[in-house]
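*Asks:* Pasting a structure below so you can have a look.
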Amino acid sequence: FSSSSRRSRIASVLQLCLCMLLCRVQGGSSHELYIVYLGEVKHDHPDHVVASHHDMLTTLLGSKEESIASVAYNYKHGFSGFAAMLTPEQAKQLAEVPEVISVEKNKIHTTATTRSWDFLGLNYQMTGTSSGLLKGSNYGEDVIIGVVDTGIWPESRSFSDEGYGPIPSRWKGKCQLGPDWGSNNCTRKIIGARFYTAGVLDKHLKADTLSPRDRNGHGTHCASTAAGSIVEAASFNGLAEGVARGGAPRARIAVYKSGWGSGSFSTASVLAAIDDAIHDGVDVLSLSIGGRGQVAFGALHAVQKGITVVYAAGNDGPRPQTVGNISPWVITVAASKVDRSFPTVITLGNKQQIVGQSLYYQAKNSSGSSFAGLLVGQGCTADTLNGTDVRGIILFCLPLPDDARTPVSTFEYASQYVRNGGGSGLIFAQYTTDLLTVTASVACQGIACVLVDLDTGEKIIKYVGAASSPVAKIEPAHTVTGKEIPEAKVASFSSRGPSRDYADIIKPDIAAPGANILAAVGDSYVMYSGTSMAAPHVAGIVALLKAEHPDWSPAAIKSAIMTTARVTDKRGMPILAEGLPRKTADPFDYGSGNINPTGAADPGLVYDIDPRDYNKFFGCTIVRRTNVSCDATMLPAYHLNLPSIAVSELRRPVTVWRTVTNVGEADSVYHAEVQSPAGVMMEVEPTVLVFNTTDRVHSFKVKLA
């Protein structure tokens, strides 16, 4: 619907205790960690909830001692359930208990910004309308963002609490201590910190420290992206220099370390973190982890307690049907690019200069760049290189003829090969340069690593074919931002829809910057790429919206973000999606579009949802074993009042109802604008909605045939 007032509105259309091992053998029976879900909390005190869990397990295991020894976590705040070491037979018996909704084996998950906030129109140094949301929300002051990740590095400048007032009185969390984490590491900025180890493999725990401290870097990066304090002159070795800050720089951070080692999460631990976060009083939850819905009920209970939950979509793109975290009550975030690049000049022996992309820099005492021999390698795998001497030369890698999508693992192997062999550099041809951060990996330290696209690669091939002794020189990268840089593309690695499990829900929901994002890691600032980086961008924006509109529900916030998203770039051209081939982006690439924070603060209409309405979908579609009545009328997900509509099998005419609430100007008139998908007839009734001070809610129907 579009308003007849000055502002134009467009509603979204179609769019596991350390003493335990993960597995133990006892009496000849294999025990594994299972997650038992019991639904809503049915007792007034958490201790009573725990007692009920042990009563159930005592009946199964024969003694209370066995029950206590088996339990890794009791979920007792936001929802009821437990994680316990059981045999498959015991798990099967539990699943038959009437009070039990589901029993699932624990799974392991993995992890799935100096320019990005300016790019999104949130420049804290500017005055005027572009900074309205920042000022209107007072930079997200006192909103609490819970970050479920690999921990945090509290000494980073991004987590300074200078100028912060007392911790909000509603906060009920704790500061869990460890060998490298004292009570002083929790501050007025990092107001709480917990860690969870159950279900995590021993090798990952040994590679980490048993505390909330982040030894990986991922959690620190995500936390500083969402809510980092303002840090002037941050850069990665001079690249991407600027002001580092989170989306909600005055928000508080609550840390829930569930990821260990290289980024290994267990479902049991993530659920324990969500349960504690509900108890502690967070406003927003940010989870940059992959998954296909095993923690869906934890997120559901969080949303039903008024907490907006933001998830990463995953990094398995551009293949379709790879999107994860697809529950309709969460915000699932795809990754897009910003208007910044790092051009790296390559000079060939014939003086021809071509441009690649890298994060290559030279040490201050470096003697500068010089020419080196240039050698072409096809594929650059262990089989194709096969002991090739690369001493003192630059290796140019081309993809194999039948695969332009040379995997990142091949780049890592090739760069390590060049470095170990005493090579000078690596030029790597790929169909996309989105994963630029690989050029700053450990394998590239001491050598120049550059990515070029396939067209640029062809130019190098022509030169090599014509030269008797081909040489090349690689200059350090520099930073370019602004209008000259193609922006707002969906990154190639970003997982795509449609949902493999729930075809009547469009996922992802929204796209946000996730390629080459500069944020805190340890005491420095480093660039990472992934939907892991995109999710905290949205979490920060949600915090701003929560501060400015404290009465908005999670569904209203999600709606505001989706219905105001941009589907064109700043030049008015359609947003593209990187892939083979590159194409115009669609809802399965970016959901409703690229996030527009300023627009989300003033969406006009929102599609709100009573969180209890999700129970029907959860009970009938996800667990398929509850006391709810599942019928053909309510089962399709398109009956949820989402700001998108998906009908997976339109074999006969379908009518879908939507209800909108006016949160804008009281007296407004909205007119329907219909753009039917190809091959579909779509009709909206009524075509006009009139709002005033008494009529704030209206419904309309969409007929599809």
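Just so you know, glycine gets a Cβ as well, placed from its N, Cα and C.
These came from TrEMBL, pasted as-is:
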type     : residues : note
ACT_SITE : ASP149   : active site, charge relay system
ACT_SITE : HIS218   : active site, charge relay system
ACT_SITE : SER532   : active site, charge relay system
DOMAIN   : 34-110   : domain 'Inhibitor I9'
DOMAIN   : 140-569  : domain 'Peptidase S8/S53'
SIGNAL   : 1-30     : signal peptide
*Asks:* Enumerate same-chain residues with a sequence separation of six or more from HIS218 (active site, charge relay system) and a Cβ-Cβ distance below 8 A; give 'none' if the list is empty.
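*Replies:* Result: THR111, ASP149, THR150, GLY259, GLY263, SER288, TYR528, SER532.
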*Asks:* Kindly report the helix/strand/coil residue split of the domain 'Inhibitor I9' (34-110) according to DSSP, in that order.
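*Replies:* Tallying H, G and I as helix, E and B as strand, the rest coil: 31 helix, 25 strand, 21 coil.
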*Asks:* For ASP149 (active site, charge relay system), list the number of other Cβ atoms lying within 10 Å of its Cβ atom.
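*Replies:* For ASP149 (active site, charge relay system), the 10 Å Cβ neighbour count is 30.
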*Asks:* Can you count the other CB atoms that lie within 10 A of the CB of SER532 (active site, charge relay system)?
*Replies:* 31
*Asks:* Averaged over the domain 'Peptidase S8/S53' (140-569), what pLDDT does the predicted model reach?
*Replies:* 91
